[in-house]
């Protein structure tokens, strides 16, 4: 009887079995993406917990009042001779940042004006990428340029300028952050509706008067946001100031003498043997905490201003906001309004008719904005010319030799292999985590207040100075995970670099996924695809150009990273081929150490290594553009 009953039970069809398997796989995919999406939160919590703990331990040894009132910073002294006046480091940091932000505001805002208001579309397509290329150059390259070119050039006009000084460092940091102000300010200006420009022209305003009196005030919140974000970048800059401003803590506002910023102090301590748990070790994290809080506040304020500016421009200045008023007029009122407007326009045009001095002022303003827009490109050309003079020729011996005490026999084999190791390891660790986290946050996570907090958190993580991540890697990967990483090794450095570039990759990947048309998703749902099938067969292939571009740009940043590698223990010189768990160095680190030597031949070696580094970074950027265009053609 039981056998007959079993025979009468319906069998599970292959379709049902496949559907059950599909839903099971879908569930596991979602859980996996959720784990990846939580990693940015874990990074933030790790920074907060580690830095806060070390800071509290520091203040158990050094009173807070001493930290705020000491007028010297001698943290490496022992006993009562040590002083921890944070204002010594803070004053140098803000002095360099002030010089940088003044330089960047002048060049960035005027450059944005030229790109947005004067440049032709064809010229704009060339000029914007050329300016943004400044941001892709490793900062150690700018440090080289500030030390070996800008300072000697300025000393011809300022004889009392020291070899290490705030002025050169501040100017070059300003050049570095100019693209940030230029790009965001240009976007803010272009968001102002054309009807505003047309109205100003109808009233007889010249182009420069329209820009100064109307467009810049209208775009002012966006410009302030750009300046705020650029200031945050300047405060956190490490390698330019450590290379060009010196490492001499000095409470002064004289930009002609050596100083030490907060980031330069961290680098200075990292160059020696840093004993875990010592007062100096805790002081490094305390300085890092101060820097982190300052940059976090600036980034949060800048991002808030950016969103507020976008809402104001779209909601207040849009022509649609004026339509209800015009629609309520009667025909007679419309005729009277037109007559009145015509009379006022005629009067205004007669009052504002272009006089010769106004035309000269217009030409002068246009020329000034043109010069500002091209300053960054000129700096790049001068940099490349100086590198070519010092660094060429590059022969096979230089590429295939280890570092040597004799400059003429020294090479970059070990740092080059270390850079390649770090590139591969960072890619392996970063790509699945970054893209997976972006997929979960963009495709699965609900759009609520918590999602907006996570988005702000990731944006802030992307703007955190890399030296902060270096300290995080020192504590987390070098110290706590030493049984896994074997201490200051390539594995620990690769994990640190992956954490640094992860927020940037998540942001670019989310943007690429967001750009995929909703019709594609709806089409997948219409034919019965699950969420996972729709992602893997439709959405990700459509978003591939943006994903590949984001990956390559993130990797190009990791190739040029210097400060974080020094913090996690990269060596000054390695005379063997490194492996995953051995001591190592990298090209940017080797360049930095060579720049510390006064020997001209050693500095020429630094120039040669810099050329190799720039070629690697530019190759990744060019590959990103080529692959993006290729995948777009394939998608079309």
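Cβ coordinates are placed from backbone N, Cα and C, and glycine is handled just like the others.
What TrEMBL says about this protein:
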DOMAIN    90-302  domain 'ABC transmembrane type-1'
DOMAIN    416-624  domain 'ABC transmembrane type-1'
TRANSMEM  33-59  transmembrane segment
TRANSMEM  86-116  transmembrane segment
TRANSMEM  136-154  transmembrane segment
TRANSMEM  211-231  transmembrane segment
TRANSMEM  251-271  transmembrane segment
TRANSMEM  283-305  transmembrane segment
TRANSMEM  367-385  transmembrane segment
TRANSMEM  420-441  transmembrane segment
TRANSMEM  453-478  transmembrane segment
TRANSMEM  490-513  transmembrane segment
TRANSMEM  534-555  transmembrane segment
TRANSMEM  606-627  transmembrane segment
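Taking pairs at least six residues apart, the transmembrane segment (136-154) and the transmembrane segment (283-305) share fewer than three Cβ pairs below 8 Å and do not count as touching.
Counted over residue pairs 6 or more apart, the CB atoms of the transmembrane segment (33-59) and the transmembrane segment (283-305) come under 8 Å in at least three pairs, which marks the two as touching. Sequence-distant contacts of the transmembrane segment (211-231) (same chain, six or more residues past either end, CB-CB distance under 8 Å): 97, 101, 104-105, 108-109, 112-113, 117, 177-178, 180-181, 183-185, 187-189, 191-192, 196-197, 200, 205, 298-299, 301-303, 305-306, 308-310, 312-313, 317, 365, 463. Outside the transmembrane segment (86-116) by six or more residues, the chain places 67-68, 70-73, 124, 127-128, 131, 166-167, 169-171, 173-183, 185-186, 188-190, 211, 216, 223, 226-227, 230-231, 234-235, 237, 241, 245, 249-253, 255, 259-265, 287, 290-291, 366, 368-373, 375-376 with a CB less than 8 A from a CB of the stretch.
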